[in-house]
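As recorded in TrEMBL:
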type: TRANSMEM; residues: 7-25; note: transmembrane segment
type: TRANSMEM; residues: 45-68; note: transmembrane segment
type: TRANSMEM; residues: 162-181; note: transmembrane segment
type: TRANSMEM; residues: 201-221; note: transmembrane segment
type: TRANSMEM; residues: 228-247; note: transmembrane segment
type: TRANSMEM; residues: 259-277; note: transmembrane segment
type: TRANSMEM; residues: 289-310; note: transmembrane segment
type: TRANSMEM; residues: 316-337; note: transmembrane segment
Amino acid sequence: MPWLPRAALLWDVVLGFLGTAAFLIDLGADLWAAGQYVLSGRYLWAALVLGLLGLASVALQLFSWVWLRADPAGLHAPQPPGRCLALLHLLQLGYLYRCVQGLRQGLLVWQQEAPSEFDLAYADFLTLDISMLRLFETFLETTPQLTLVLAIVLQSGWAEPYQWVGICTSFVGISWALLDYHRALRTCLPPRSRLGLGSSVFYFLWNLLLLWPRVLAVALFSALFPHYVALHFLGLWLVLLSWVWLQGTDFMPDSCSEWLYRATVATILYFSWFNVAEGRTRGRATIHLLFLLSDSVLMVVTWLTHVTWLPSGIPLQVLLLASGICFLLGLALRLVYYRWLHPSCRWEPDRVDGAQGVRSLEGRPLPHNRRLTHLAQNFFPRVRDEAALPQKGEVNGVL
């Protein structure tokens, strides 16, 4: 194998290892914080940390299990028997199993002098699923945990060392998930539409810069009204869930698991933008941006009328000013990205129609991740003369 593709394969393995390490470090930081809260007698805070961790973990295992069950028989061979896989997911180890499986396949491809097309496609297939699960984990657990820690710091007036560790690991986890997800979407693009490094940098920056003001606004509201923040989240979440349902999502293999996906997307939309439907997204993105902006402004105004409730010594005015600057800068970068860096793609029919037509040189059907390709088609618009998208009922995993 030439040196350049071999170095790219090694880089993919290194990124996979770093992503798994970041997940474990963030998990350790959350458990450390929960233990410290218990030792200091703050049992409610410990329960909230563990509750968020548990709910996100259960959702992640459900996604992983449903996808494994929906994939064609023999695609993941060799793998443990079904009962062993079920036990791994029951023990909340399904996501880590997928990470180890992806690293093993990546190392296998890198070590081969001339890896087969099937092995390369299968490594991409595993990586794409891991990227999607990592994004779900970020907005179901990492972002809420960051909001909770900031609210606790605002309430108490100081930050303990383990809280600083939690804040830092959360930001690293969020940043990594955003970059990894955009990298996964780029992998699904047709070769003629592949994106450069600049587009990923702009995508990462505008997402992070728009996410930070939202997290701070929710944290301020949580610090002032800890008994009402759950009602606030539930009310907005129901509105967003209805919006996702009205867009007619078709991501999961059955209707029951589709509602799990819609509930997860509604949680993501509470913090950030996530496109789930085909077509021009400018109108939907604008509505969502204005909706979150209005809600965040209302929460900040509420804080301004109750500013004396919070401990002194925290430069909240400076934080709010910095958040406003972050929002404006993120909005500008978002406009630049969608104006000049967001391509319209010519999706090749034989890449997305689910037929058994594309095979490797060995005559085996090449694995193809319909899940992420479907999201990439929603995220990157097609040119007008494009062929139809895959229909419901097509088999994921084989092209």
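Cβ coordinates are placed from backbone N, Cα and C, and glycine is handled just like the others.
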Any contact, the transmembrane segment (316-337) to the transmembrane segment (259-277), with at least 3 Cβ pairs under 8 A: no
Tertiary contacts of the transmembrane segment (7-25), as residues 6+ beyond its ends and Cβ separation under 8 Å: 95-96, 99-100, 102-103, 106-107, 109-110, 115, 123, 127, 130, 134, 137, 169, 172-173, 176, 180, 183
